[in-house]
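Trainee: Please find one structure pasted underneath; my questions will follow.
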Amino acid sequence: MDIYLPIANLSVNALVIVLLGGGVGLLSGMFGVGGGFLTTPLLIVYGIPPTVAAASAASQVTGASVSGVFAHVRRKGVDFKMGGVLVAGGLVGSVLGGWIFRLLQASGQIDTVIAVIYVLLLGSIGALMASESWGEIRRQRSGEPPKARKRRHHPLVASLPLRTRFYRSGLYISPLAPLILGFGVGILTILLGIGGGFILVPAMLYLLGMTTQVVVGTSLFQTLFVTAMATMIHATTTKAVDIVLAALLLLGSVAGAQVGARLASKAKPEYLRLALAVIVLLVAGRIALGLGWRPDEIYSVELS
Amino acid sequence: MRRGWLPLLLAPLLMGQSAPRPTVKPVLVPDVSQRDIEIQYSFTGANLLLFGAILYPQGRLPNDDKPTDIVVVVKGPTQSILVREKDKLGGLIWVNASRLRYRSAPSFYAIASSKPIEQMLDARTRAIYELGVSSLQLSPASNAPLTEQDRFARGLVELKARSGLYVEAPGAVEITDGVLYRARVQIPARVPVGRFTAETFLIRDGRVLAAATRDIEIRKSGFERFVARSADRHAILYGLVAVALSVLFGWAAGQIARRF
């Protein structure tokens with residue numbers, strides 16, 4: 001079933017896009033990530049112009065995070081104070097990200113920069129997750145008792161001034177730390193079309209030292225607002241948000257996310273983390289190869 | 001646009017020079033199957049039928065054995081484009097290294113002819129009428145050396161050809177009884193909207209004897225037109241609708257899933 005995308009200016013098979021959204025949604029529901037890191041590259045492979053892909057993938061991540069946020073709010077799994085500070089940083093970061101995006105676009109290096117950031121980020125986080133979950137699986141097999149990890153924030157975070165209390169996170173730290181964290185993730189959201197959950201969650205755990213119960217909910221809360229902002233920025237600057245493409249992706253991904261969430265409740269978390277790590281490393285490896293291999297098209301055309 | 005029209009304006013002049021015989025020249029009466037192409041939700045491209053008749057003075061066909069040929073060219077609106085060329089940086093990764101701007105490259109160009117265009121006309125005449133993808137007047141805005149300009153032009157033409165936007169179809173024009181002709185041209189879905197032209201040329205003995213043009217309008221209609229306009233003119237509202245849509249979808253899916 002072919003359908004014409006009015007902003008991307010080409011026709012696509014609607015079923016393929018819905019299934020793509022569904023597959024990504026399944027993963028996002030299983031692993032609690034937005035899935036933007038998969039949607040954008042897959043859409044580009046399918047032939048959607050990169051700018052339209054990044055701009056429309058952001059709204060898919062918004063949709064995928066909404067139901068998650070509602071579920072976590074009911075469970076009191078969202079620290080609104082911490083979330084608010086992260087969102088504030090994220091909004092400022094996304095505006096700056098939009099400016100960097102246009103600058104790189106004008107110089108013609110946006111695709112290379114996006115690919116390099118993807119390789120570095122996905123590669124390092126994937127490797128960390130893989131080694132951590134593999135260690136956990138081996139420890140459980142040998143029957144050793146779990147090591148009690150002492151929950152505490154990074155010394156750098158402790159040195160920042162203006163401390164305040166974040167009750168639900170169980171923290172007494174400076175709001176500057178989450179503000180800077182939100183700012184950095186906001187820049188990446190605009191540049192890469194990702195929600196940033198897979199950076200935010202480890203950072204909240206290991207840098208800020210937040211209570212595990214509120215980490216995922218608060219991260220989704222931040223993702224919801226910052227990706228909504230990213231859609232707005234793209235709509236007003238690059239004008240590349242294709243609402244038909246976004247609707248098709250959403251249709252698949254929100255359904256897939258619900259199925260994924262049910263599957264996840266039946267699996268062991270450390271196996272899920274290992275599976276996610278493998279997927280992340282595969283994506284990073286594919287993009288790295290793409291940088292080094294001779295590209296299919298040496299020439300590219302843009303309107304001026 | 002200017003460049004594209006120039007040969008047409010010159011055409012009567014040039015034809016006057018090239019046909020010194022006192023006989024009245026033949027006239028082309030062309031038409032296309034669709035004057036307006038509307039892009040709607042299931043648009044996957046259009047199959048244009050270009051047809052017409054060759055009217056000879058007093059209805060007499062030339063009785064020598066020189067072949068008569070027809071060339072049909074469909075051109076899209078010209079665009080100002082920037083072409084980038086990738087190069088390997090430090091032997092490690094491929095990056096966009098150099099670029100060249102073109103002021104008026106046609107967004108779409110299809111040429112159908114009754115036999116390969118190189119067998120009908122010499123290179124100079126082909127360049128005057130812009131017949132064939134290698135004879136296009138791209139008007140590069142650059143003072144780069146000619147070898148580099150050639151390399152970019154070849155790269156651009158090959159890229160456009162691979163995506164079906166520059167097409168050469170020798171042998172696609174069918175001539176019946178020497179007076180009727182027909183050709184099919186496929187317009188892919190990824191063409192820009194705007195005014196397209198269908199030019200028909202009558203070629204005999206290495207000369208263009210007659211030319212005629214028809215306009216084709218391609219535009220988005222209905223919902224597609226509404227979306228494209230809203231995105232452009234009411235960007236903030238459009239963005240808000242996109243965000244609202246994604247929140248609604250996510251919320252609805254969550255509600256439905258809770259029931260089961």
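We number each residue from 1, going along the chain as drawn.
Here the Cβ of each residue, glycine as well, is placed from N, Cα and C on the backbone.
Okay, so TrEMBL annotates it like this:
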TRANSMEM  A:12-38  transmembrane segment
TRANSMEM  A:44-71  transmembrane segment
TRANSMEM  A:83-101  transmembrane segment
TRANSMEM  A:113-131  transmembrane segment
TRANSMEM  A:171-199  transmembrane segment
TRANSMEM  A:205-228  transmembrane segment
TRANSMEM  A:240-259  transmembrane segment
TRANSMEM  A:271-289  transmembrane segment
Trainee: Looking at the stretches A:12-38, A:44-71, A:113-131, A:171-199, A:205-228, which one shares the most CB pairs under 8 Å with the transmembrane segment (A:240-259)?
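Mentor: Against the transmembrane segment (A:240-259), the leading stretch is A:12-38.
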Trainee: Which sequence positions outside the transmembrane segment (A:171-199), separated from its termini by at least 6 residues, show Cβ-Cβ distances below 8 Å to it?
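Mentor: Tertiary neighbours of the transmembrane segment (A:171-199) are 32-37, 39-40, 53-55, 57-58, 61, 64-65, 82, 85-94, 96-98, 100-101, 113-114, 117-118, 121, 125, 153, 157-158, 160-165, 207-210, 219-220, 222-223, 226-227, 229-230, 233-234, 280.
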Trainee: Are there residues at least six beyond either end of the transmembrane segment (A:113-131) with Cβ under 8 Å to its Cβ atoms? List them, or say none.
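Mentor: Same-chain contacts beyond the flanks: 37, 41, 50, 54, 104, 188, 191-192, 198-199, 202, 273-274, 276-278, 280-281, 283-285, 287-288, 290-291.
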Trainee: In terms of Cβ proximity under 8 Å, which residues at least six beyond the ends of the transmembrane segment (A:44-71) contact it?
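Mentor: Beyond its ends, the transmembrane segment (A:44-71) has Cβ neighbours at 5, 7-8, 10, 12, 16-17, 20-21, 24-25, 28-29, 32, 34-36, 78, 105, 110-111, 114, 189, 192-195, 216-217, 220-221, 223-224, 227-228, 230-231, 234-235, 238, 240-242, 245-246, 249-250, 253-254, 257-258, 261.
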Trainee: Same chain only, please: residues at least 6 beyond the ends of the transmembrane segment (A:271-289) with a C-beta under 8 Å from a C-beta of the stretch. Say none if there are none.
Mentor: 27, 30-31, 33, 37-38, 41, 115, 118-119, 122-123, 125-127, 129-130, 132-134, 136-137, 198, 264
